[in-house]
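Listed in Swiss-Prot:
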type	residues	note
DOMAIN	26-55	domain 'IQ'
MOD_RES	Ser36	phosphoserine
COMPBIAS	47-59	compositional bias 'Basic and acidic residues'
REGION	47-73	region 'Disordered'
Amino acid sequence: MDCCNEGACTKLDEDILDIPLDDPDANAAAAKIQASFRGHMTRKKIKGGEIDRKTKDAECANSTRGGDLRNGD
């Protein structure tokens, strides 16, 4: 069901639909936005991983497991 076929589109909806997809400037702008978002998500993921790693390190330090795994004990 297309809103423009019903005559219910606003001027903003029509403007959005009129964006040429082969415009090099629009493609460059979209690429920058996407790269920025991917960087944001990667930094967020890495930050979350560091918190998990710190928690695991603390648990390992508090454990009472004996022996040194490097020596095969």
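The backbone N, Cα and C atoms fix where each Cβ goes, and this holds for glycine too.
Secondary structure from DSSP puts Ser36 (phosphoserine) in a helix. Taking H, G and I as helix, E and B as strand and the rest as coil, DSSP gives the domain 'IQ' (26-55) the counts 30 helix, 0 strand, 0 coil.
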